[in-house]
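Let me begin by presenting the structure, written as structure tokens, before commenting on it.
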Amino acid sequence: MGWKMNRNGLGNLLGLNRLGFKQWARKGKGSVWPNGLTCLPWAFYGGYPTLGMRPTLFLPGPRPRRLVSSVRKLDAHQDNLVATRLIGQYPSHVAFRVFEQLKNPNVFPFNATIRVFAEEGLFPKAWSLFRALKQRRLSPNDFTFSFLLKACFRCASAGQVSQIHTHVLKGGFCEDPVVCNGLLSVYAKSVKDLVSARKLFDEIPQRNLVSWSSLISGYAQLGRADDALQLFVNIVQENLRLEDEILVSVLSACSTIQVVHLERWVNILSKIVEDVTVDDIKRDSINIVLIHSYGKLARVDKCREKFNEITNHGIGRLLPWNLMITAFVQNGCPIEALHIFHQMMEDSNQKPNEVTMVSVLSASAQVGDLDLGKWVHNYLRSEGSKGILQSNKVLATALIDMYSKCGRLEGAKGIFDQMIQKDIVSFNAMIMGLAMNGKGEEALQLFYSIQDFSLHPDSSTFLAALCACSHSGLLDEGRRIFSEMQMRISVSPSLEHYACYVDLLSRVGHIEEALEVVASMPFEPNNFVWGALLGGCLLHARGELAQHVSKKLVDVDPENSAGYVLLANAFAADRQWDDVSVLRWVMRERGVKKQPGHSWIQIDGIMHEFLVGSPGHPQMGMIYETLGTLEKAVKVPQS
């Protein structure tokens, strides 16, 4: 019993775990404590270090100080294993000092120090240390190359990566899956050398999902969508399991591809889905890609069809839900998007992530559903990680946009002010929010303060500033901002900027100046430009010019009913009833139908959508009965 007590006491003193103590007790020799007891230097780290993760010290209390003190007393800092454990506990500048004290370091402390440099993105120092390792004629192992390749993602050049590749081949690691995948990832994603990446990919004897994912991601990042999608098809044909990481890369490729090419790939993938030999898991993955593709093609009916074809296993993933919600939001179907979100929350075990919430906030903004937007805000505060709204710029910007479009500027300002690090996108959202709520002067103050944050306004920033001037009638400021854009090299006025500037001039009655701007544009005027000019003509009773502009509007967008309606209004204002009749006949001949107006209202947590003249609402009888009661109660003046 006495020995057991002494053993436990000594184990606690040395900070050994159970395995470490057994090794010490069995083989104990080496350094000597002042009381004459002997111990191994590696008693200080409780066993051999695991280089794949940060090691854990076993000394209680303020571990680093006590450990270093004990190490120095025993001169154990010259032991490679003790030094390796110490290096893994410190930031790079301290870790390197520990490394420098070693007289004869082996590969383990080299690896540990390279790893610390890699985690801090210090490739030059990691590269220098690797070269020092080679100069000492030490042999790098798989950990050496893995850590060094991780460091390459920050600032390595293609030449340096090529040199590392040469060392990998000389060291005989050309068949090591971890090293090869790391090298492939650096070629594809960091130095953008897709030729070398593809060559290495073809030479890997046993490719796994990481190999495929790295190359697909590299193709997607450089806009080579066809190559990425072809690899995706190859994965399906090789019967490999499709993980979400690969699907995300494929979806990224689909986002950059031209519509014509996307339609071709949709046909190819649809044929694969129809193949009865394809298992459900692969069919689900392909349908997920098709949901995204159909969403980009504005075919939300096909999105829903593919979503309904996904099996229970596929629906158990968050990705198809997010894609379905996003497809509806991006195609102007916010009600449907919110229905899918509610279905996800009720019928699945999925927990919404950042992508989900950004899409839901966008849908809430489109329909003005402030209650749902607030629910998302509260959910993020309660369920999200600490400080997520202060640090996550994407979520914060989505909240700013939602509160602004719902008319709650105080909420938008509160989110904006709490952001730890604002970027130009968050500034743009706040400026536009102030603009659309009639706070033009405040929006311009924020616009001029951007440079105080060491940021540079982009195209969207100037558009938001011009919108602020237009909505608040700030003619002089609008002229100055537009002139500044014309003098800039980095940001030149686009068609949207011209349309906004024409809208400003037209609103304040400077119709002739607006016409001069339209005539001097380096672009062909589109429906937004003519629409802005037409609005000014109607506002300031320029009937004859309004008819001319309306015809231009119809010419550039013959399938849009808005131009015909405005032209008919211009004819009616001058009592040209025959022209109104002719215009309606032209609309019928061209198959142009007036888009019915629609609105939303939320009652008891349920969003109701109304279309003008539509009898489709299930409570239409009660609605008309209530309207009749209101009409009797309201005094209508004689006209």
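For all residues, glycine too, the Cβ spot is worked out from N, Cα and C.
TrEMBL entries are annotated by machine, without manual review.
Sequence annotations record features per position, and here TrEMBL assigns repeat 'PPR' to 106-140 (among others). Long-range contacts of the repeat 'PPR' (106-140) within its own chain (CB-CB distance under 8 A, at least 6 residues past either end) are made by residues 49, 51, 80-81, 83-84, 87-88, 90-92, 95-96, 99, 147-148, 150-156, 160, 167, 171.
Here the repeat 'PPR' (208-242) has, by DSSP, the following mix of helix, strand and coil residues: 26 helix, 0 strand, 9 coil. If you look up TrEMBL, you'll see 208-242 (among others) marked as repeat 'PPR'.
Note on the repeat 'PPR' (317-352): residues 244, 247-248, 251, 284, 287-288, 291-292, 294-295, 298, 300, 303-304, 307, 310, 359-360, 362-364, 366-367, 369, 372, 379, 383, 600, 607, 609 of its chain, located 6 or more positions outside it, place their CB under 8 angstroms from a CB of the stretch. Feature annotation from TrEMBL assigns repeat 'PPR' to 317-352 (among others).
Mapped onto DSSP helix, strand and coil, the repeat 'PPR' (392-422) counts 23 helix, 0 strand, 8 coil. TrEMBL lists 392-422 (among others) with the feature repeat 'PPR'.
What TrEMBL records for 423-457 (among others) is repeat 'PPR'. Looking just at the repeat 'PPR' (423-457), the mean pLDDT is 95.
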May I ask for the residues of the chain that lie six or more residues beyond the repeat 'PPR' (423-457) and have a Cβ under 8 Å from a Cβ within it?
393, 396-397, 400-401, 403-405, 407, 409, 412-413, 416, 464-465, 467-474, 477, 481, 490-491
Counting only residues 6+ away from its ends, which parts of the chain sit with a Cβ under 8 Å from the repeat 'PPR' (208-242)?
177, 180-181, 184-185, 187-189, 192, 194, 197-198, 201, 249-250, 252-254, 256-257, 261, 265, 268-269, 272, 278, 281-282, 285-286, 289
Over the span of the repeat 'PPR' (317-352), count residues by DSSP class, listing helix, strand and coil in order.
27 helix, 0 strand, 9 coil
Reported in the order helix, strand, coil, what are the DSSP residue counts of the repeat 'PPR' (106-140)?
26 helix, 0 strand, 9 coil
Mind checking how the repeat 'PPR' (423-457) divides into helix, strand and coil residues in DSSP?
26 helix, 0 strand, 9 coil
